[in-house]
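In TrEMBL this protein carries:
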- B:37-56: transmembrane segment (TRANSMEM)
- B:62-82: transmembrane segment (TRANSMEM)
- B:103-123: transmembrane segment (TRANSMEM)
- B:129-146: transmembrane segment (TRANSMEM)
- B:158-179: transmembrane segment (TRANSMEM)
- B:185-205: transmembrane segment (TRANSMEM)
- B:231-248: transmembrane segment (TRANSMEM)
- B:254-274: transmembrane segment (TRANSMEM)
- B:286-306: transmembrane segment (TRANSMEM)
Amino acid sequence: MVLASSGRFSGDPMEQNPLPHLTPEEQKRRRRRSVALGLALGALVLLFYVVTIAKLGPGVLNRPL
Amino acid sequence: MTSASNSLTDTRSEPTVTVGLSQGDVSDFFALLKPRVMFLVVFTALVGMVVVHPTIHPVVAFASLLMIAIGAGASGCLNMWWDADIDAVMTRTRKRPIPAGKIAPGEALAFGLTLSAGSVIVLGLVSNWLAAGLLAFTIVFYAVIYSMWLKRTTPQNIVIGGAAGALPPVVAQAAVAGHVGWESLILFAIIFIWTPPHFWALALVKSSDYARAGIPMMPNVAGPDSTRRQILAYTVFLAPLGLAPVAFGFGGLAYAAIATIGGLGMLALAVQVYRLREGEPAMRVAQQLFAFSILYLFLLFATLLAEHGFGLFRPVFG
């Protein structure tokens, strides 16, 4: 816990590890990286789904309970 | 050089806290994967798949191809991480993301290792573990055997290291057929024997660049004349080897014509490189051989793809 600028104790971890100031260009780059990572993860989910269906076919749902 | 990580150091208290944020753009991370090499890998791997007429689902084949491409990109990324110091002093490579200060070496290492492990595991899950093992071997061979060991120690670096670039058709055949057949081994041999004349032609042109970086390429160690002799020797072997798919029955009429004409073109240029040894004409013909070698390999594989992927195969014998 650290003493925040208001003079009160704060439990916010960002107060202990403040992020460096980002220029607008750095913020844009970070946003593009985040979007690319999100798209890559989404594509991976879709790939696993499609490959599962392709490998197992309709039998994927035909399992003993 | 700009800082590759935006760091903030808290000097008010101990221990020191450092927060790092990546400075790289998406395009910088993509550049780490050596997209042009990745395209060649996808292309040769695709041919390795279609020549065996796989019966597996196209989605599984596509996923396998994607993982082979990512694995190749990962090995390129690890190569850039290891070679950042020499990339910085070579004109051809100094704008790569790490020497340009756009991506920190640690980021590239983490990126390369993550993609390596991910591509091998997913390839194993979607196809089989023989293909995954071969992909892992390819990555280790390129990143460790070639980049970390051979590249800086022997003029045979690209000869032996060329095996990594020749393996994608083998990995691809293993992925779709479950075994390694002679079709992919012949494709491996063609790429493997093609590599020395291709890279040594470039090394003749860029010898001062390689010398500055301290890389023992053949022209810098054995001399340009010996390199020219070896280029010719490899090409004499390559031209008939290019016809091996015809002899083994998976290269048709169109392939036979392309391989014959292309092989003669390679031979003619290799003879010119051997004969012209001084000044601008020597550099020009070496550059022509380098460029033509790319076209030659592309045409060989594109013809096989057309014959087997689009039903244009017409047998030469019978």
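Every residue gets a Cβ built from N, Cα and C, even glycine.
A TrEMBL annotation is a machine prediction, not a hand-curated record.
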Same-chain residues at least 6 beyond the ends of the transmembrane segment (B:185-205) with a Cβ under 8 Å from one of its Cβ atoms are 44, 47-48, 51, 158-159, 162-163, 165-167, 169-170, 217-220, 224, 227-228, 230-231, 234-235, 237-238, 241-242, 244-245, 248, 266, 270, 273, 282-283, 286-287, 289-290, 293-294, 296-297, 300-301
| query | Counting only pairs 6 or more apart in sequence, are there at least 3 Cβ pairs under 8 Å between the transmembrane segment (B:158-179) and the transmembrane segment (B:231-248)? | reply | no
Highest Cβ pair tally under 8 Å against the transmembrane segment (B:37-56), stretches B:231-248, B:254-274, B:286-306, lands on B:286-306
